[in-house]
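Below: one structure, written as structure tokens.
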Amino acid sequence: MSETALVLLCAATFIVFMALLGRAAAARTKHDAESYFLADRGLRRTVLFAAIFGTNMTAFVMLGLPGVAYHGGISIWLMLATPLLFVMPLSFYFGYRCWLVARRYGYITPVEFYRERFQSDGLAILMFLGFVGWTVPYILTGVIGGGRALETFTDGTVPYWVGGLAVTLVVAYYTWAGGMKATAWTNTAQTALFMAFLLLIVLLVPSAAGGTERIIGTLQREQPELLVRSWEGPFSLGATVSQLILFSFIIFAFPFVWVRMISARSSKDLRISGIAYPIALVATWAPAILLGLWGAAVIRGLAGGEADSIIFMMTAQLLPTWVAAFGLVALLAIVMSSMDAQILTLSNMLSRDIVGHYRSTTSPTEQVRFARAFVLVLLALTYGVSLLDMPGIFDVAQFAFTGFAVFYPLLIAGIFWRRATKWGAIASLVVGQTIAISGYLEWYPVVGGLQPVFWGVTLGALSLVVVSLLTPRQDAAADRFHSVWNEVRHGKPQPASDQGK
């Protein structure tokens, strides 16, 4: 069997397995909204963790991060380590507060949650548009990553457009068929695969390339700047502060992660995920960055986005074909593990927050039918956009991250600050998004290395506070939410489904 045939056989086997797993989950999924969108709010420990972690690990991890490390060296890890390891777990505390209220009142989407908290349809529309606008570029990283990987691994036998189409079709099938349960089950298998590959490859590459000492020696002679923490350009102090803000609470700002958090069966299951998340993050991001750094010594001269595929270039050049085949399966796994959740959440919001809210006669079963149709339409549109000339994975992902980050002030104030009002929330969103987008369009200069996310979040938060203090209080709406949290704080009974867990 030829190398290309083996790679394609492994990829095809994986795709069929994902489809069968999705079909099995679909057979256990009822046709109502809670079952299709939230798996009956019954995700437990391992599956919940994989659903949250796998959803947040996109092609950005295997393609974007190594590409940045290839050009920037260890600076990328030192810049990201603090928010990733110490601040991100706070997102699970925020998620827990949302989980309590969502279970009590039956909320399914973040748009619905904050519509009720602030009693504002206008805010809900703005949130919906923002979430959709920023999620689509994020989904694009999956289609782009899958297409580029298949093209690279098969030496062009499978062109980019065919690879992207294959990934899109299988994700469309199992998401359409089984909803949250199908995506959670497949995420569990996908997470195990891509983590196993990264840990394996970080052990195999050094020996195949002559040893770690040889690799580091080559870097010290030819590119010593990659081994030193740089404070220049994209790694300056201003950029580091911006990245701290960007990654601090990012998983809480992702609507597709928010929905998975409220799908937890119990608070204990959510806590376990919060503990496991940073551990798994180190086990995933550290190998990806190391491999990108080593790649600068093994395969020299890659420019720009070419370095996105450095892991798979080294795999194909240095290691046996079966490892390359495993690598392709791992990349397809990490691509699908995020795409499915993102597309399911968008279809969820479209069917529930738009169709269901403004067409009051729509039943929960009809909402599911609309959502399934939206899954197919949204993925078709995303695939079409992916065929255009696209920038590097890291650029696309960071652009989307910035848009989500600007939601921080609104999302956090809504669950902690009673005095926050709908007008403050709207002002925060409008000001923050305008500044973030304007920055990426380069309508104002970069000052001190501070990126658009810094100004968007900072001025968005300031707008929320000032406008909230100048507008009428919304005590009734705030009390409805805070009463749930106060019950837990004062030891009163939690929701029945959480007792004894």
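Note that the numbers count up from 1, one per residue, in the order the chain is shown.
Placement of Cβ uses the backbone N, Cα and C atoms for every residue, glycine included.
According to TrEMBL, the features are:
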type: TRANSMEM; residues: 6-26; note: transmembrane segment
type: TRANSMEM; residues: 47-68; note: transmembrane segment
type: TRANSMEM; residues: 74-96; note: transmembrane segment
type: TRANSMEM; residues: 123-146; note: transmembrane segment
type: TRANSMEM; residues: 188-209; note: transmembrane segment
type: TRANSMEM; residues: 235-258; note: transmembrane segment
type: TRANSMEM; residues: 279-302; note: transmembrane segment
type: TRANSMEM; residues: 322-350; note: transmembrane segment
type: TRANSMEM; residues: 370-390; note: transmembrane segment
type: TRANSMEM; residues: 396-416; note: transmembrane segment
type: TRANSMEM; residues: 423-441; note: transmembrane segment
type: TRANSMEM; residues: 453-471; note: transmembrane segment
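The transmembrane segment (423-441) shares more Cβ pairs under 8 Å with 453-471 than with any other stretch in the list 47-68, 123-146, 453-471. Distant neighbours of the transmembrane segment (6-26): 150, 153-154, 157-158, 166, 170, 173-175, 177-179, 181-182, 184-186, 189-190, 193, 321-322, 324-326, 328-329, 332-333, 336; these residues of the same chain sit at least 6 beyond its ends, with a Cβ under 8 Å from one of its Cβ atoms. Tertiary neighbourhood of the transmembrane segment (235-258): same-chain residues 52, 55-56, 72, 75-76, 79-80, 82-84, 87-88, 90-91, 94-95, 98, 109-111, 131, 135, 229, 277, 338, 341-342, 344-345, 349, 398, 401-402, 404-405, 407-408, 411-412, 446-451, 453-454, 457-458, selected by CB-CB distance under 8 Å and a gap of 6+ residues from either end.
Taking every listed stretch (47-68, 188-209, 322-350, 396-416) in turn, the largest tally of C-beta pairs under 8 A with the transmembrane segment (279-302) is reached by 188-209. The stretch from 47-68, 188-209, 322-350, 396-416 with the most CB pairs below 8 A to the transmembrane segment (370-390) is 322-350. Here the transmembrane segment (47-68) has long-range neighbours at 76, 138, 141-142, 144-146, 148-149, 183-185, 187-188, 190-192, 194, 198, 251, 254, 256-257, 260-261, 263-265, 269-270, 272-273, 276-277, 280-281, 284-285, 288-289, 291-292, 295, 305, 307-311, 330-331, 334-335, 337-338, 341-342, 392-394, 397, meaning same-chain residues at least 6 beyond its ends whose C-beta is under 8 angstroms from one of its own. Under 8 Å from some Cβ of the transmembrane segment (396-416) lie the Cβ atoms of residues 58, 60, 64, 94, 97-98, 101, 110, 114, 117-118, 127, 130, 133-135, 137-138, 140-141, 144, 245-250, 252-254, 390, 424-425, 428-429, 432-433, 435-437, 439-440, 451-453, 456-457, 460-461, 463-464, 468, 481, 485, all in the same chain and six or more residues away from its ends.
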